[in-house]
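Record features, source Swiss-Prot:
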- Gly167, Gly168, Ala169, Gly170, Val171, Gly172, Lys173, Thr174: ATP binding site (BINDING)
Amino acid sequence: MTATAEGTAAPTTVTGRIARVIGPVVDVEFPVGSLPPIYNALKTEVTLGGETRTITLEVAQHLGDNLVRAISLNPQDGLVRGAEVRDTGAPIRVPVGDGVKGHVFNALGEPQDIPKSELQVKEYWPIHRPAPAFDQLEAKTEMLVTGIKVIDLLTPYVRGGKIGLFGGAGVGKTVLIQEMITRIARNFGGVSVFAGVGERTREGTDLFLEMQEMGVLPDTALVFGQMDEPPGTRLRVALSALTMAEYFRDVQKQDVLLFIDNIFRFTQAGSEVSTLLGRMPSAVGYQPNLADEMGLLQERITSTRGHSITSMQAIYVPADDYTDPAPATTFAHLDATTELSRPISQKGIYPAVDPLTSTSRILDPQYVGQEHYEVAQRVKEILQRNHDLQDQIAILGIDELSEEDKIIVHRARRLERFLSQNMFVAEKFTGTPGVFVPLEETIASFKAICDGEYDHLPEQAFLNVGNIEMAVEKAKKLQS
């Protein structure tokens with residue numbers, strides 16, 4: 001499949017007729033020998049209330065007897081049996097190149113913030129593309145410094161890797177993604193592509209306006225398929241955004257950041273489509289090809305020689321159950337996992353990252369250095385010991401602990417609070433400016449706390465500050 005200008009995809013004259021409509025599933029009959037291939041886009045016009053609009057369908061199955069089963073990517077109001085359907089002769093194509101930056105698109109690549117005639121792009125790429133060949137891949141192990149203490153110290157991100165943000169509803173996944181977009185745009189430049197998959201329309205609007213306000217929109221393309229869209233659209237929006245990102249990586253030779261919010265909605269849409277197509281469900285009602293669908297998306301999000309796509313994916317965990325097949329299938333593809341914890345968020349500690357369950361494959365001396373690794377392990381040991389003592393404290397009280405354990409508990413509470421940090425995107429709510437903490441300062445600050453150098457400071461001084469000097473200043477204000 002090659003890139004084309006929009007007008008050069010030779011339109012076919014093959015037309016069919018709608019034979020059956022069941023919700024978003026449409027069966028279309030074509031002439032003998034003219035069946036469109038799987039994934040081809042079909043177009044039909046409907047008139048409703050005096051207004052004519054185009055509906056796009058995507059071929060999903062060949063049924064026999066010259067029938068294809070397609071999934072509608074638009075609301076299907078107005079579709080009727082016997083209506084004419086045109087085979088476009090190609091899969092869905094989306095615009096690529098510098099012209100997409102600063103604009104909002106739907107899953108079909110249609111701009112939502114400007115008229116299509118004003119979009120200045122020369123090429124359109126099909127959204128169904130093969131993953132890079134094995135000999136083109138490059139495994140990067142360079143750390144991506146975010147300036148967020150808890151992430152840089154305990155779950156360091158890989159430049160060119162896949163990062164998962166796991167958490168239930170309302171623990172801060174979208175806020176953390178917005179924060180990462182802001183930090184990376186401010187500190188690294190480069191191109192970002194955001195895919196809003198099945199999330200709230202309000203959140204999409206907020207994100208667009210915030211990015212406009214912060215001046216990062218000109219280097220970002222946004223692709224949305226929101227909650228009210230048909231399942232076919234929600235299933236394809238991530239592929240549309242990924243195709244735009246692949247162009248920047250492969251043609252313009254740039255490092256790209258791809259944000260997907262929320263990958264669970266991609267799985268959910270696949271489940272809905274699978275049920276509509278009559279497939280037998282598998283575990284917990286998910287589609288039988290769950291791992292295959294996830295693999296087709298994730299294998300394209302990769303680094304090729306010299307250029308990378310770094311992806312950050314928010315992953316909703318249904319009922320906080322990490323054994324659910326949807327989040328469990330995603331785990332296998334990730335280089336780092338950041339788990340957001342409800343108990344931590346209830347303490348008012350943000351970002352609510354669980355330091356004991358979050359992981360990274362590069363938290364290893366050969367990648368991050370011996371000092372970073374040792375400090376991270378000491379922090380985890382203190383926090384783990386504090387966690388183990390909580391039942392004893394709840395039953396007997398903290399006074400019954402040994403002197404050594406009392407010191408560990410008090411130190412752990414300071415570490416917990418010092419893992420919190422003000423966000424740039426939350427400035428308007430908290431009234432406190434966000435802060436970027438260099439990695440060297442993060443390591444030195446946590447090492448000093450673990451060594452007991454700041455045991456004399458009150459716990460509250462460590463909450464929502466940047467480096468340790470800010471905690472000392474806050475302690476002086478609290479004591480005055």
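Just so you know, glycine gets a Cβ as well, placed from its N, Cα and C.
Applying an 8 A CB threshold to same-chain residues 6+ apart, the list for Gly167 (ATP binding site) reads Lys173, Ala314, Ile315, Tyr316, Val317, Glu339, Leu340, Ser341, Arg342, Ala352. DSSP classifies Gly167 (ATP binding site) as strand under the three-state reduction. Fewest other C-beta atoms within 10 Å: among the binding-site residues Ala169, Val171, Gly172, Lys173, that description fits Ala169. Listed in chain order, the extra residues whose Cβ falls within 8 Å of the Cβ center of the ATP site residues Gly167, Gly168, Ala169, Gly170, Val171, Gly172, Lys173, Thr174 are Tyr316, Leu340, Ser345.
Residues within less than 8 Å, Cβ to Cβ, of Thr174 (ATP binding site) and separated from it by at least 6 positions along the same chain comprise Glu199, Glu203, Asp261, Ala314. Ranked by Cβ neighbours within 10 A across all protein chains shown, the binding-site residues Gly168, Gly170 are led by Gly168.
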